[in-house]
Amino acid sequence: MSNDGKKVKSLSDLSGVGQNILNKLVEAGYSSLEAVAVATPQDLSVAAGIPQTTAQRIIKEAREALDIRFKTALEVKKERMNTKKITTGSQALDGLLGGGIETRTMTEFFGEFGSGKTQLCHQISISVQLPQEKGGLNGKAVYIDTEGTFRWERIEAMAKGAGLESDIAMNNIYYMRAINSDHQMAIVDDLQELITKDPAIKLIIVDSITSHFRAEYPGRENLAVRQQKLNKHLHQLVRLAEMYDIAVIITNQVMARPDMFYGDPTTAVGGHTLYHVPGIRVQLKKSRGNKRIARIVDAPHLPEGEVVFAITEEGVRDAEE
């Protein structure tokens, strides 16, 4: 409720938000109650050009309208029980992930070149369009490509493999090629407006998350700046996932660990920033032929384990024995 007792459904319902302030908020990218509710007073003040006291009041009222508050563990359990899942195309991989790719969560796939990261991204951008009884969400996908690896030919083949009309399936994928790290971050900053206009969006993919940051901020002298920007970028994606009940998938590369003499000599790029932000981290490895190995590296609610899946002409499938 606003101060005058009116139920708050949009920014214009907030007390003290006239057309002038509303225009400033929208122009700054704060076009919904959710965006305002999770902003900091300082960020909102600077971005919209309004006093910090005004920003604090607007944020407080938006949070009250959205019921952002402490919750009991039972309430959290009920919310988790309502988490939706998207099939990967492989029952074995779905089982490893606890039923598929979760909404409200960031899932990271990392591995060497050819380990299946991009193939999985293509497949899941098709799977999200399926009806719920077939493992989808009747939704659309946003695909942010940082390395130029998106291939419409694979989308077309996977759509046919899933029984979808290829042109319709491709029309349900919003694609953007990010040319540098600033552009990549700007795309995500603008996503909220797109999601507000098209609530059918249920999946965001960034393939890959770190490539531009590594190229533009090399060396130890740039490490702090790189990690700060990457951390902000990751948290913006998590915020979108939680606000709009969307699944977020990021892919990541690996690098050698010269200090490792036993076990896996590689580790995911991104350091501690990427170790802690994704809710689920999955390592992918090549196997024989079209087979790939997926291993849970970190997920607080899932047991460790690994499975084998296959990449076929029609998409990601269970591996044949």
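Placement of Cβ uses the backbone N, Cα and C atoms for every residue, glycine included.
Features as listed in Swiss-Prot:
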{"type": "BINDING", "residues": "Gly111, Glu112, Phe113, Gly114, Ser115, Gly116, Lys117, Thr118", "note": "ATP binding site"}
Residues close to ATP site centre defined by Gly111, Glu112, Phe113, Gly114, Ser115, Gly116, Lys117, Thr118, Cβ within 8 Å: Leu284, Lys286, Arg292
Cβ-Cβ neighbours of Glu112 (ATP binding site) (radius 10 Å): 14
Three-class DSSP secondary structure - Gly116 (ATP binding site): coil
Cβ neighbours of Gly111 (ATP binding site) where a neighbour is any other Cβ within 10 Å: 24
Where Gly111 (ATP binding site) sits in the secondary structure, as DSSP reduces it to three classes: strand
Those binding-site residues listed as Gly114, Gly116, and which of them has the most Cβ atoms within 10 Å of its own Cβ: Gly116
